[in-house]
Amino acid sequence: CKQAGESCDIFSQNCCVGTCAFICIE
């Protein structure tokens with residue numbers, strides 16, 4: 001999964017924590 005500040009997939013929500021808004025937001 002992606003860390004905060006990394007680019008992410010808004011559809012799959014592939015962040016370790018928090019939410020995805022083009023980048024992961026803790």
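Even glycines carry a Cβ here, placed using N, Cα and C.
Going by Swiss-Prot, these are the annotated features:
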DISULFID  Cys1-Cys16  disulfide bond
DISULFID  Cys8-Cys20  disulfide bond
DISULFID  Cys15-Cys24  disulfide bond
MOD_RES   Glu26  glutamic acid 1-amide
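This view paints the features noted in Swiss-Prot onto the structure.
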residue: Cys1; record: disulfide bond; Cβ within 10 Å: 11
residue: Cys8; record: disulfide bond; Cβ within 10 Å: 23
residue: Cys15; record: disulfide bond; Cβ within 10 Å: 20
residue: Cys16; record: disulfide bond; Cβ within 10 Å: 12
residue: Cys20; record: disulfide bond; Cβ within 10 Å: 18
residue: Cys24; record: disulfide bond; Cβ within 10 Å: 21
residue: Glu26; record: glutamic acid 1-amide; Cβ within 10 Å: 10
Quiz item: What is the interatomic distance between the Cα atoms of Cys1 (disulfide bond) and Cys8 (disulfide bond), given in whole Å?
Solution: 9
Practice problem: Give the distance between the Cα atoms of the residue listed as 'glutamic acid 1-amide' and Cys16 (disulfide bond), rounded to the nearest whole Å. | Solution: 9
